[in-house]
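Features as listed in TrEMBL:
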type     : residues                                             : note
DOMAIN   : 30-186                                               : domain 'Sulfotransferase'
BINDING  : Arg41, Ser49, Lys166, Gly167, Arg168, Pro169, His170 : 3'-phosphoadenylyl sulfate binding site
DISULFID : Cys149-Cys161                                        : disulfide bond
Amino acid sequence: MPRTLEGQITMEKTPSYFITKEAPRRVFSMSRHTKLIVVVRDPVTRAVSDYTQTLTKSPGLPSFQNLAFRNATTGLIDTTWSAVRIGIYAKHLEYWLRFFPLSRLLFVSGERLVTDPAGEMGRVQDFLGLKRVVTDKHFYFNQTKGFPCLKKPEGSSRPRCLGKSKGRPHPQIPSEVLHRLRDFYRPFNLKFYQMTGHNFGWD
């Protein structure tokens, strides 16, 4: 990490940290005062999005349901498939809580980042001890992408939107498959709500 002067905050983003068993100990060893921000979204939607992204790189990929189930007849979910495993948030959080108190973690709702980006960014700024500088006036909703975008900053001619990989249409997944996944995630989601003290409303 770069040297940080007093009054500065150094941030780094690596999504895989949250699901990597070795990461909590290593981050703690670097600085036990680190604040951690975790963006989470409905694990079913997250799995489909993960699959959609992989599908664009590997068009010959088996169907979502073939990868999601170990046995389609019994409906046994394949938790070794990363798209499914990542969404078991409670399991990953257990490793982090062995090293960091809950007060060091902020859980940001991926859904609310879309519906109320300024509200979620307000929570982030409060968590980091920053003045609320980013507000509603900094965002507009891009109908084409289906996501909020940052209005163009001073000195720039274009607004700042998420890249091409965001906002892609998802493939049609049979509703029965989605129902089975929701049933699978429900107990993990409830445990996650209890652990964080926050109901994300995924059920």
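Even glycines carry a Cβ here, placed using N, Cα and C.
Positions of the features from TrEMBL, shown on the structure.
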residue : record                                  : Cβ within 10 Å
Arg41   : 3'-phosphoadenylyl sulfate binding site : 19
Ser49   : 3'-phosphoadenylyl sulfate binding site : 18
Cys149  : disulfide bond                          : 18
Cys161  : disulfide bond                          : 16
Pro169  : 3'-phosphoadenylyl sulfate binding site : 7
His170  : 3'-phosphoadenylyl sulfate binding site : 12
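Per-residue pLDDT, averaged along the domain 'Sulfotransferase' (30-186), amounts to 90 for this model. On the backbone, the CA of Arg41 (3'-phosphoadenylyl sulfate binding site) and the CA of Cys149 (disulfide bond) stand 18 Å apart.
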